Amino acid sequence: MALGRLSSRTLAAMLLALFLGGPALASEIVGGRPARPHAWPFMASLQRRGGHFCGATLIARNFVMSAAHCVNGLNFRSVQVVLGAHDLRRQERTRQTFSVQRIFENGFDPSQLLNDIVIIQLNGSATINANVQVAQLPAQGQGVGDRTPCLAMGWGRLGTNRPSPSVLQELNVTVVTNMCRRRVNVCTLVPRRQAGICFGDSGGPLVCNNLVQGIDSFIRGGCGSGLYPDAFAPVAEFADWINSIIRSHNDHLLTHPKDREGRTN
C-alpha cells in the first residue's frame with residue numbers, strides 16, 4: 001500500500017515499526033513466480049484511480065474480504081473492486097468491476113495491527129464463471145497447523161526497491177505456529193530462502209489445502225529476510241462473523257466452509 005493511501009494513525013504505526021524493527025504493513029511478493037492466468041479466480045484487486053493498491057478475496061457473489069489497514073481512513077467511494085484480473089496492464093475481457101457499497105470491520109486496532117480484516121460489500125453481484133469464483137473458507141476455529149504448505153499471492157513489488165509486476169505472483173510458504181500468537185495471526189516462512197511478502201498491497205489470501213486461511217497483514221525485519229515470519233490475519237477466527245455478515249445482507253456462500261477432514265458444515 002502506498003504511503004499516501006494510509007491514514008495518519010496507521011502511517012505513524014508503520015514508521016515506528018520500521019524504526020524499531022517491529023511489524024510493518026505488507027504485502028508484496030518477493031521471490032515468487034508468475035501465477036497461471038486465472039488459476040486463483042477468487043483473487044481480487046482493490047483500486048483507486050485505476051491503480052492497484054491492495055489485494056482481496058471474493059467470498060460471496062457480492063462480498064470480498066481484505067485487510068482492514070488497506071481501507072482504514074479511506075473514503076470507500078473512491079475504491080473499486082476488480083475481479084477476474086491477471087495482467088493489470090492489459091485490458092482484459094475477463095474483468096468485472098464494482099464500486100463499494102459498505103465496509104464491515106471487526107475491532108481493527110491499527111496500532112497493534114490486530115483484527116486486520118474487513119468485509120467489503122459490492123454494489124452488485126459477480127457473475128460466476130471460469131475466471132471469477134468464490135473462495136472456500138475454513139470453519140470457525142479450524143485453523144491451519146504447523147508446517148502446513150500454503151500459497152501466498154499478490155500484485156505487489158518484487159522487492160523493496162523493485163517495480164511491481166503486471167501479472168499476479170504466487171509464492172510457496174510454510175506455516176510456523178511456534179513463531180507467533182496462534183489465535184492472533186497465521187505466520188509463515190519460506191525455508192532456506194529469502195522470500196516472502198513485503199511492503200505494498202496487503203489484503204491478499206493465504207491458501208492452505210484449498211482454503212483461504214489468512215489475509216496478508218504485516219512483516220518483521222524487512223522483506224523476505226528469512227529470519228522473521230510473515231503475519232496474516234487468521235480467517236478461521238473470524239469465520240462465524242464473516243458468515244453472519246453475508247447471511248444478514250441477503251446473499252449466501254456458494255461454497256460452504258469445511259472442517260479439516262473436508263466435511264461440509
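Here the Cβ of each residue, glycine as well, is placed from N, Cα and C on the backbone.
Just so it is clear, the model here is predicted, and its values are computed rather than measured.
Residues or ranges marked as active site, charge relay system in Swiss-Prot (evidence: similarity to another entry): His69 (among others). Under the three-state DSSP scheme, His69 (active site, charge relay system) falls in the helix class.
The active site, charge relay system annotation in Swiss-Prot covers Asp116 (among others) and rests on similarity to another entry. The Cβ neighbour count for Asp116 (active site, charge relay system), using a 10 Å radius over every protein chain in view, is 31. Following the DSSP three-state reduction, the secondary structure of Asp116 (active site, charge relay system) is coil.
Ser202 (active site, charge relay system) has a Cβ environment of 33 other Cβ atoms inside 10 Å. Mapped onto three states, the DSSP output places Ser202 (active site, charge relay system) in coil. Annotated active site, charge relay system per Swiss-Prot: Ser202 (among others), in sequence order, evidence recorded as similarity to another entry.
If you look up Swiss-Prot, you'll see Cys54-Cys70 (among others) marked as disulfide bond, on the strength of sequence analysis. Following the DSSP three-state reduction, the secondary structure of Cys54 (disulfide bond) is strand.
Around the Cβ of Cys208 (disulfide bond), a 10 Å sphere holds 23 further Cβ atoms from the protein chains shown. The feature disulfide bond is assigned by Swiss-Prot to Cys150-Cys208 (among others).
Secondary structure from DSSP puts Cys187 (disulfide bond) in a beta strand. The Cβ of Cys187 (disulfide bond) has Val175, Val176, Thr177, Met179, Cys180, Pro229, Asp230, Ala231, Phe232 as same-chain neighbours under 8 Å, each 6 or more residues away in sequence. Taken from Swiss-Prot, the feature disulfide bond covers Cys180-Cys187 (among others), and the record attributes it to sequence analysis.
Marked as disulfide bond by Swiss-Prot on the basis of sequence analysis: Cys198-Cys223 (among others).
Under the heading domain 'Peptidase S1', Swiss-Prot lists 29-247.
Around the Cβ of Asn123 (N-linked glycosylation site), 12 further Cβ atoms fall within 10 Å across all displayed protein chains. Asn123 (N-linked glycosylation site) falls within neither a helix nor a strand when secondary structure is assigned with DSSP, and so counts as coil. Taken from Swiss-Prot, the feature N-linked glycosylation site covers Asn123 (among others), and the record attributes it to sequence analysis.
Within the same chain, the residues at least 6 positions away from Asn172 (N-linked glycosylation site) whose Cβ sits under 8 Å from its Cβ are Pro149, Cys150, Leu151, Val190, listed in sequence order. Residues annotated as N-linked glycosylation site in Swiss-Prot: Asn172 (among others).
Positions annotated as signal peptide by Swiss-Prot: 1-26.
Across the domain 'Peptidase S1' (29-247), mean pLDDT in this model comes to 88. Neighbour density for His69 (active site, charge relay system): within 10 A of its CB lie 27 other CB atoms from the protein chains shown. Neighbour counts were taken as the number of other C-beta atoms within 10 angstroms of each residue's C-beta; across the disulfide-bonded residues Cys54, Cys70, Cys150, the minimum falls on Cys150.
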